[in-house]
Amino acid sequence: MVHYHRSHQPRKPNADSTRDEDSHTIITLDCSTSAYYIKRTRPKLLSFLLLITFLSCCYVFAPLFLPISFSFSHLYSPPIENDGNSDGVDVTDSSCSSVSAGRICCDRSGFRSDVCVMKGDVRTHSASSSILLYSPRSSDNVSVEEELQHEKIKPYTRKWETSVMNTIDELNLISKKVNDVGGCDVQHDVPAVFFSNGGYTGNVYHEFNDGIIPLFITSQHFKKRVVFVILEYHSWWIMKYGDILSRLSDFPPIDFRGDNRTHCFPEAIVGLRIHDELTVDSALMRDNKSIVDFRNLLDQAYWPRIRGLIQKEERKAQEKLREQQASLSQSSETYEYIDQQVQENPMKKPKLVILSRSGSRAITNENLLVKMAKEIGFMVKVLKPDSTTEMAKIYRTLNASDVMIGVHGAAMTHFMFLRPGSVFIQVVPLGTTWAAETYYGEPAKKLGLKYIGYEIHPRESTLYEKYDKNDPILRDPTSINKKGWEYTKKIYLDSQNVILDLGRFRKRLHRAYEYTLSKSKPNLQHQPM
């Protein structure tokens, strides 16, 4: 389940809105409006003098009413091409990238996360939940410490969501001047990235959206010369995503709470950058890295393990064949068996994977869907991943497939395992249209997939059996969603299954089949999706 809390998400401003809370353009609008009024109601000279006086007052007194972190440059910065969902530029290209040694620079302008940069003699002190930045004092005999700067940060990428942020450990970032800083238990000659594995970790959507992808965004420019320091460290998470971590860092991750040694770094980034739902905005990245580059990293991470699995299977297959050959004489019966295996080889059939759900939002006539897909010409595999399923095995199955079908939910995050150009069909239950498109549909398109969103009709929902056909739950899900997250979750996410109209769904499946065939035959024109 995705904890999307629609009402808390960044939204596009209304067409008639004059205020943009993130950009503070109301100041510009107010100033211009006042100037216009003066110009129309006073003589020219007096208007000019009043205008100059007004602008001067704006310049002098505006800092008293704006946050300390606000910069006048924000009034004129170009708009971000993502409806305000992004948290700005990559940390390496922000103003904090040029912070001087001995200083802490925090960028708190992002809607989704805060990011701080520390440069110089950076040291961990887990007992006090602190990261210390030391600078030498002048050559005097005073031994007292002098605190220069103190920042607090919760390094998790759901800054706007107060309920979950209340569960995240807070770090103290402290800059000090001291005479004697003492030694380091572990000296690192590469930077560190600090982040939390708390919050919604345990849900595959949040693990990728709030953790893995932001970690790629924040750290990939270090080219693996970086150490990850993790708050709320989970050994199972390290095991699950170890293949990916090994492609981002050459060093083992550090458990901030569990390792009481003093680790020293020349630089630290505290917090992760996040751009949008399950994506990487190339306009905000060094070398224009995109979500496709992240997907390529997944390829590099999982293929060594996949090759091992393939080799193991081939050895078993060869052993089985030798046993069968040993039990049969070298006669026509043996050759008939081999010919049969060749004829039944389904490698040329388009491969379709159905991500099966149990519990809520399951396809109740899934067996008939499988039968229909086979009749159309697909080789079909039903995949039921759970929290214990090895990621490399899921990746292998989806990477080799041409089409993936699944009902809206966290498991749809696995669309990232499909090869660009593959087809992703998302079944959209009642009341989930906005979330399905926002969290999976749009990101899938950015990855280069052919996306088909299949919105079910009321009759295809098991809710149709529970409510009157004119009930707003069936006829107007938007009005129910407006009541709040608890209604959406209880009614549409936790209490609804899907009974596919196979005649209607067959059309989408045919389109996917024809498109897949057209890709393998250059002389055929691609079918519209």
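Cβ atoms here come from the backbone N, Cα and C positions, even for glycine.
Keep in mind the model is a prediction, meaning the values are calculated, not measured.
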Matching range for TrEMBL feature annotation, region 'Disordered', among 1-20, 341-360: 1-20
Residue counts (helix, strand, coil, in that order) that DSSP gives for the domain 'Glycosyltransferase 61 catalytic' (333-425): 39 helix, 19 strand, 35 coil
For the domain 'Glycosyltransferase 61 catalytic' (333-425), the mean pLDDT of the predicted model: 89
